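S.K.: The structure is given below, and queries will be raised subsequently.
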């Protein structure tokens, strides 16, 4: 049995060394943090600013509610490390093995890895978010979105959900370096990463976590459908039906987001009794903040719809050109006169209809 030749290891602390071993180095930092927890040196990772215990008459056990505070930054940093480790595990033990079987090109390989990571995150977040919405009864009673504002008290699941969301999207920034993302793909990924950080952190800090949950769950469902459809497309280029369903749900989700946002900021919060601005009380219910939040949401939805419409118009132009070339190809002057032994003529027409412009051949039989 022969021994495998070991590849030459890159110099220590070089770019290639950091990229190849970033998961191991982050694991060491996470272990140091966990070791500190054992001796209560950095116990603040699981310590919250205020814990309020309320005795409810109909439930014998007390409930603990949490606030956000500056110590949450340390918690976000810790789970950022965990997200980097999980990202590396999914990439090495799942996505890389599938890539070897599919033999994808470099462009498809990068998109497959991106969709694989995001589909895993979106599916987990969607299920978790649906569970929270069901337990907190946000969907059954829409007035919960603005009644009792400011919503400074959060259940543990709600606070932990937001901590994990913020940590994940912050971890996506160094992953652009660790995963060697192509330069032409970096601006596109930076756009949506920064938008996620801005909106999720804003909902968390402004005590709008109820509205944020209601808007995130359907949005994650649409994104999950898109990336899952792209994964199926890479495995089999004939599987494109998922993109049609994604396009329909994409438009519906944009309309739902605008409707809920206008209802909350324009009618709900503006009519509550607790109006004013107070950092100590966590109250940001003033006209300036409401209009700023509503404008940010509307502009983001308009930008997404603009990109979506431009993409669809581009595909429709390609389809019209294909149809025009198809008619020219099947015109009587261009038809071949020779027939085979069965009396049929086969005409091959090249159509570029998929997302990577892969030619598909269609045959037409004529008696």
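Using N, Cα and C of the backbone, Cβ positions are placed for all residues, glycine too.
A TrEMBL annotation is a machine prediction, not a hand-curated record.
Sharing the features that TrEMBL gives for it:
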- 29-54: transmembrane segment (TRANSMEM)
- 74-95: transmembrane segment (TRANSMEM)
- 110-319: domain 'TLC' (DOMAIN)
- 190-207: transmembrane segment (TRANSMEM)
- 213-233: transmembrane segment (TRANSMEM)
- 245-267: transmembrane segment (TRANSMEM)
- 287-306: transmembrane segment (TRANSMEM)
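Neighbours and distances for these, please.
M.R.: For the transmembrane segment (245-267), the list of distant contacts is 142, 145-146, 211, 214-215, 218-219, 221-222, 225-226, 229, 290-291, 293-294, 297-298, 301, 304-305, 308, 312: same-chain residues at least six beyond its ends, Cβ to Cβ under 8 Å.
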S.K.: At a C-beta cut-off of under 8 Å, are there same-chain residues at least 6 beyond the transmembrane segment (74-95) that contact it? List them, or none.
M.R.: 22-23, 26-27, 29-30, 33, 42, 44-46, 112-113, 116-117, 120, 163-164, 166-168, 170-171, 174-175, 178-179
S.K.: Take every residue in the domain 'TLC' (110-319), average their pLDDT values, and give the whole-number result.
M.R.: 91
